[in-house]
Amino acid sequence: MTVVDIVKRTTSSPDDTALVKTLADAGYSTADVVALVAKTEGNGCVNDFSRTLADHTWDAVLPADAVTVFSGGTEGVLSPHASAFVGTDRPAAPEGALVAAVGRTASIPIADLGRAGQVRAVAARVRELCADAALEPGDVHLVLVKCPLLTTESISRCLADGVEPATRDTLRSMAMSRAASALGVAVALGEISEPDAAAALRGEADVWSSVASISSGAELDDCHILVLGNSPAAHGPLRAVHGVMRDAMDARTVLDLLDRVSADGGEVVQVLAKAEADPSGSIRGRRHTMLTDSDLSSTRHARAAVGGLLAGLVGDSAIYVSGGAEHQGPPGGGPVTVVYRVAS
């Protein structure tokens with residue numbers, strides 16, 4: 001179990017490491033970082049090399065056992081930024097605190113990506129991390145996963161081995177990898193059963209996790225996992241609450257979370273949310289065009305829409321909004337987690 005604090009800073013480019021100085025100013029160092037979660041200013045799709053640049057830059061700075069989640073796409077009012085989750089033992093509130101557990105899966109075989117093998121790998125690792133942090137499923141407020149995707153090269157290797165990959169479409173592989181990882185989280189936390197997950201992979205079950213936030217990228221071949229939960233046994237500066245937005249306009253869910261933060265005397269530090277274009281093609285009975293825009297991926301539209309809503313409600317544009325919410329909340333919606341600071 002690691003009690004954590006968050007140090008956040010906006011970035012001027014994907015390779016901006018000014019957060020290192022901000023950490024020092026706050027009395028921390030890079031050695032204290034257990035996870036780095038950032039939004040980079042790329043397109044969030046397969047060829048988003050802003051993630052790769054950020055990953056390459058920070059890999060030389062952070063401890064070897066720290067996990068990184070670089071999510072591309074800062075459309076609309078979203079600000080590129082980085083949040084360092086740091087271990088802390090500073091004096092804190094007397095009861096209950098946010099703790100983190102971080103880890104990685106083994107490399108996901110190309111043939112397993114988007115399939116049951118990936119579900120099992122993520123589920124097993126999430127279970128281990130929850131046990132390490134002494135977190136029950138009800139204590140967990142976010143499971144953030146960065147997972148791999150299929151590239152042209154990896155697809156070719158798979159075919160050369162005589163194995164058909166889950167898809168030959170690199171963009172579709174992003175969604176399939178997110179889906180498998182989300183289902184793994186849901187299985188690990190008892191939100192769904194393994195047969196439910198198998199049915200969902202076949203498109204036969206509409207099941208989802210209320211705390212999974214999954215992003216995929218070409219900069220890794222394993223899954224980086226960050227589990228956040230409130231531990232009644234821990235003392236620390238932060239706590240978290242979470243809810244599930246029913247659609248991209250669901251301000252009520254967010255306002256309810258902010259009311260809970262206020263009732264606890266808290267100050268919002270970070271918001272982490274998933275967003276997607278409603279696959280039905282409509283929102284509350286009105287047609288939307290996010291799925292039929294040939295110029296922009298629907299994930300970019302969704303990030304801009306949900307990012308604007310959340311930034312307006314919270315009063316901060318340096319928030320984490322990730323597009324593509326397959327099995328992460330209901331269709332068209334997505335989980336949202338608010339991390340806040342409490343008085344010591």
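Glycine residues also receive a Cβ, built from the backbone N, Cα and C atoms like all the rest.
Annotation comment: Swiss-Prot describes K146 as active site. Of all Cβ atoms in the protein chains displayed, 27 besides its own lie within 10 Å of the Cβ of K146 (active site). In three-state terms derived from DSSP, K146 (active site) belongs to an extended strand segment.
Look at Swiss-Prot and you will find S215 tagged as active site, nucleophile. Sequence-distant neighbours of S215 (active site, nucleophile): residues of the same chain at least 6 apart with a C-beta under 8 Å from its C-beta are V69, F70, S71, L144, V145, K146, C147, R178, S322, G324.
According to DSSP, G323 (substrate binding site) sits within a strand segment. Residue density at G323 (substrate binding site): 29 other Cβ atoms are found within 10 A of its Cβ, drawing on all protein chains shown. Positions annotated as substrate binding site by Swiss-Prot, on the basis of sequence analysis: R51, S71, G72, R178, S215, S216, R303, S322, G323.
Sequence annotations record features per position, and here Swiss-Prot assigns Mg(2+) binding site to E276, A325, Q328, G329, P330, G333. Neighbour list (G329 (Mg(2+) binding site), Cβ cut-off 8 Å, at least 6 residues apart, same chain): W208, S209, S210, V244, M245, K274, P335.
When averaged over the region 'RU A' (1-91), pLDDT in the model lands at 97. Annotation comment: Swiss-Prot describes 1-91 as region 'RU A', evidence class sequence analysis.
Annotation source Swiss-Prot lists region 'RU B' at 97-232, citing sequence analysis.
Annotation comment: Swiss-Prot describes 238-344 as region 'RU C'.
All chains included, 25 other C-beta atoms sit within 10 angstroms of the C-beta of T299 (site 'Important for substrate specificity'). DSSP assigns T299 (site 'Important for substrate specificity') to a helix. Per Swiss-Prot, the feature site 'Important for substrate specificity' maps to T299; the stated evidence is sequence analysis.
Checking the binding-site residues (R51, G323, Q328, P330, G333) against T299 (site 'Important for substrate specificity') with a 10 Å Cα-Cα cut-off leaves G323. The Cβ of G333 (Mg(2+) binding site) has 24 neighbouring Cβ atoms from other residues within 10 Å, across all protein chains displayed. In this structure, of the binding-site residues G72, P330, the smallest number of CB atoms within 10 A of the CB marks P330. DSSP gives S215 (active site, nucleophile) a strand state.
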